[in-house]
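Taking it in order: structure first as structure tokens, then the write-up.
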Amino acid sequence: MQTIPDALFGIIGYPVSHSVSPAMQNAAFKHCKLNYLYLTIAAKPEDLQNVIASMRPLNIRGLNVTIPHKIEVIKYIDTLDPAAKKIGAVNTIVNENGQMKGYNTDFGGFVRLLEHNRIAPAKHRFALLGAGGSAHAISLAICTLGGHLTVLARQEEKAKDLAAKMCLRFKGKAQGLELNEANLEETLAESDIIVNCTPIGMGNLAGQSLISPRLLRPDLTVIDAIYNPCKTRLLEDAEKKGAKIINGLEMLVWQGAMSFEIWTSQKAPFRVMMKEAEMALDENEK
């Protein structure tokens, strides 16, 4: 017999049906004997304000925030954790007695991914594709740890704005360029790590890549923040060229574990969450 959950949580984004977050968070709740439920909430940009407002009457205890809402959502929450304020993007919300507080765990998730793969940013030059919410957190992680960063985005102004924010804190460590073939070719020739923070390669954009295979080479490390599919077109092309490839699943689970700890004040069962996320991803790809 099912019981009514003591608290509701969820992930808001568009699209969001591909997410493995419900599987891993619900597994974590069960492991920790918490009678909580985590749901997916598909919300187009025009519906974002209403969904956040509904957290109060529906007593939704917390949310994860994903593409494309991580920056826009800041308008609709009451307070920001200092890290989220510094990053300028939110991926975790807590409903504290009707007050919405925003956090960012993408930063920590990416740092853990770098540590696990023994990547010391200070020794590398990064090409970062995209200038959205995840890119804000990842760019700050790269620059904080001493890496040199080039941000490439289709809207040149967004790339330059993000790079300028990094340069205010880390002089000379970042530049922003329009994402086009010429700039990609020049930037990748000088970079040894590529990070894709765009949705190109997932959902309706699966099978697509922003980078021509001819620009890839064996000495590159290619990181795709996308985890579903497990291997995007970019990662497949990079692997064929002999490059090291890393998908976004590990980062997802680390940031999800940090969100769990913010919501529950309990230590997250990381291994349980990783196993469940891998199983859910395998099921999604069948």
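Each residue, glycine too, has its Cβ placed from N, Cα and C.
Record features, source Swiss-Prot:
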BINDING   Ser19, Val20, Ser21, Thr66, Asn91, Asp106, Tyr227  shikimate binding site
ACT_SITE  Lys70  active site, proton acceptor
BINDING   Gly130, Ala131, Gly132, Gly133, Ser134, Ala225, Gly248  NADP(+) binding site
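Using Tyr227 (shikimate binding site) as the reference Cα, a 10 A cut-off selects none from the recorded positions Lys70, Ala131, Gly132, Gly133.
A separation of roughly 11 Å, to the nearest angstrom, links the Cα atoms of Ala131 (NADP(+) binding site) and Lys70 (active site, proton acceptor).
In sequence order, Gly133, Ser134 are the binding-site residues from Gly130, Gly132, Gly133, Ser134, Ala225, Gly248 with a C-alpha within 10 Å of the C-alpha of Asn91 (shikimate binding site).
Annotation for Gly248 (NADP(+) binding site): spatial neighbours Ile223, Asp224, Ala225, Ile226, Tyr227, criterion Cβ-Cβ under 8 Å with sequence separation of six or more. Taking the C-alpha positions, the distance from Gly133 (NADP(+) binding site) to Asp106 (shikimate binding site) comes to 9 Å. Rounded to the nearest whole angstrom, the C-alpha distance between Gly130 (NADP(+) binding site) and Thr66 (shikimate binding site) is 14.
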